[in-house]
Amino acid sequence: MSKFEVAIIMGSQSDWPTMKNAAEVLDELGISYEARIVSAHRTPDRMYDFAKTAKAEGFKIIIAGAGGAAHLPGMTAALTPLPVFGVPIESKALSGEDSLLSIVQMPGGIPVGTLAIGKAGATNAALLAAAVLALMNPKIEAALDTFRASRTAAVTEHPIDN
Ligand code: RP5
């Protein structure tokens, strides 16, 4: 069994600056994860092997980031019963709209929970994963409550000059 609760997968090393934001949130919440580069196009066999064994390995949730013709989240979702949250990477050519539409427009029956383009999406994918895990884990529930309370407390009532 994997000692990791969440798998963060991405299509390329170039996705890591975005996906790192998911990793940082999971770190802050004390949720174990493993980050892997798994490309639907360049390493399809690796993608297949990962997705087919992810549940048996003990992962509970997969966060998948990809850009451009972003097939990784959908193909992964087709191969595993685990929940898959997709993060559209902000591509250079089309600013991530290509990634977003590639990930979000899944056919009925194979869901990918699609987040926002870029950093916000990666951050929120981790928070969504935490919210699901919190249903079964009181420690994660408490960590998520603390995280949310700290973000609320950080919002000043009135704007200030920076
Ligand atoms: C996708 O192609 C990756 O997810 C990445 O966002 C995009 C570009 O990859 P690189 O050419 O930077 O490796 O598969």
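Glycine too: its Cβ is placed from the backbone N, Cα and C atoms.
Those TrEMBL annotations? Automatic predictions, nothing curated.
Substrate binds Ser12, Asp15 as TrEMBL records it, and from the list Arg42, Arg46 the residue named for this site is Arg42. Summary of the substrate site environment: with the site residues Ser12, Asp15, Arg42 set aside, the chain residues having Cβ atoms within 8 Å of the Cβ mean position are Met10, Gly11, Gln13, Ser14, Ile37, Ser39, Ala66, Gly67. Of all Cβ atoms in the protein chains displayed, 18 besides its own lie within 10 Å of the Cβ of Ser12 (substrate binding site). Other Cβ atoms within 10 Å of the Cβ of Asp15 (substrate binding site) number 25 in total over all chains. For the domain 'PurE' (4-155), the predicted model reports an average pLDDT of 98.
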